[in-house]
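Okay, here's the structure, questions in a sec.
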Amino acid sequence: MAGSEQYPSGNPRWLLAELTYACPLQCPYCSNPIDYAKITDELSTEDWLRVFKEARAMGAVQLGLSGGEPLVRKDLPVLVKYARELGYYTNLITSGYGMTEAKIVELKEAGLDHIQVSIQAPEKELNNFLAGTESYEHKKQVAHLVKKHGYPMVLCVVIHRHNIHLMTEILEMAIELGADYLELANTQYYGWAHLNRDQLLPTKAQFEQAEAIAQGYKEKLKGKMKIYYVVPDFYEQRPKACMNGWGTTFLTIAPDGTALPCHEARILPGLNCPNVREMSVSDIWLKSEAFNQFRGFGWMKEPCRSCPEKVKDFGGCRCQAYLLTGDPNATDPVCGLSPDRAAIAEAIEGARKDYEGGEPKPLVFRNGRTSKALSG
Ligand code: SF4
Ligand code: FES
């Protein structure tokens, strides 16, 4: 096994159950795998219940129910109810599309703790364009219903070049919807977002302007709304501690039962990801090759290997390192000490050319459709 010189691996605390890749929306920054349509063999209700039980027995306390669109799964209330009985804090991560008041009530009765609704943009035309589906009014309605039924109102907006100029409007929309929490999640460039990177990555000036606006509202709304600004790492000098360190905290189960140390791990070459249909969660976490591959520091190359900051960032993100350098063991090129830092400069330059060159490439949506953007 590759990992050694261990940092404590502990037990999984966060279980992310990607219940399905099916989704009525078609966002061009979707984090699902590019070939998600080939993965159709979804886990049964019984499989999920067993996974919840096994992960809880190992100490997992937070359960994220996501997708695709988790509302597509008809057994969602059954899953929520069982998870709640096991003692999980349950989060539904949804586009809101397909939610009704009756479902909100049913899920509340099943014990759901938390609903996060995503909105693409604070304007109808742009939201519907980015979602690839008429969904704006419905999403806003769902946000009101979430509030009405006593859930914390958690709003998520993924930020990229086609909505970053609307930061003030996004924040005002969150106020209007009575959001308790607002997550401003700068796009992470994996999956479909990686494919559309030139078309989605904002310029540094755009980031800085948007961040200043968000910080201003953060101050203004102290005590009323919590704003999480997920920083865009392409303009940083140090990488994020992805997944809080590989195999330390997070366990993701894909719709077909593949167990992943991070939601993108399928892309890493040679990573033999186990499946909950064949292994117990305990064996997956403790013994599988995939979960041990980048655990600890033993797998690292220089400059990470001898760097004192490795205990803080674990060398950054393995998937980003692979996508940008072709080597999953490389230092994440976001790091200013990485010999591959030029890959970040190239990405920024590719996006600049797309933005300023007068001939922007069309966005590729999750259903393969391509379309010129409305703005950007
Ligand atoms: Fe982190 Fe590696 Fe950069 Fe050091 S060299 S700061 S460990 S990514
Ligand atoms: Fe896979 Fe960061 S997304 S390690």
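Each residue, glycine too, has its Cβ placed from N, Cα and C.
Annotations in TrEMBL come from automatic prediction, not curation.
Reproduced below are the annotations present in TrEMBL:
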type	residues	note
DOMAIN	9-224	domain 'Radical SAM core'
BINDING	Cys23, Cys27, Cys30	[4Fe-4S] cluster binding site
Within its own chain, what residues at least 6 apart in sequence put their Cβ under 8 Å from the Cβ of Cys30 ([4Fe-4S] cluster binding site), listed in sequence order?
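The answer is Cys23, Gly191, Trp192, Ala193, Arg366.
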Suppose the [4Fe-4S] cluster site is Cys23, Cys27, Cys30. Which further residues of the same chain have a Cβ inside 8 angstroms of that site's Cβ centroid?
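Apart from the listed residues, the neighbours are Leu25, Gln26, Tyr29, Asn32, Gly68, Ser95, Trp192, Arg366.
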